[in-house]
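Engineer: Pasting a structure here, questions to come.
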């Protein structure tokens, strides 16, 4: 005796379930898949950001590992870090440049990564716009504040 499939009757009900068909539910390329993509914005922007992520990632590995080695393992390690150590370190143009590069590359690298995540997961254009705006404002704020502190730091304050 063959058991009857309990799902055989589903096809008799009249087709697929209705869908809301909102603009953010269906990618625009599915409506007319052979239509040429409209050129918007800067050409090759995504290619350049992809290259930036690769090169900045390599430089960041060097900068971050160097920073961790100097701050955590060199001489007495974390036990020597205080205001005087930071003041002495930031009085050197070499360390100011090192920390400035670390700040800028880390912020731009991380911000670009978040931009890609927002583009992948935000379904509505308005959501994508506001998330990208919030991301840009926070990145600008952190970059301006960090650069200001690094470049105007007075090591003689005590």
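Heads up, the Cβ atoms here are built off N, Cα and C, so glycines get one too.
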Engineer: Do you know which of 14-36, 129-151 TrEMBL annotates as transmembrane segment?
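Structural biologist: The range carrying the transmembrane segment annotation in TrEMBL is 129-151.
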Engineer: Taking a Cβ cut-off under 8 Å, which residues six or more beyond the ends of the transmembrane segment (129-151) line up next to it in the same chain?
Structural biologist: 90, 96, 99-100, 103-104, 107-108, 111, 114-115, 118, 122
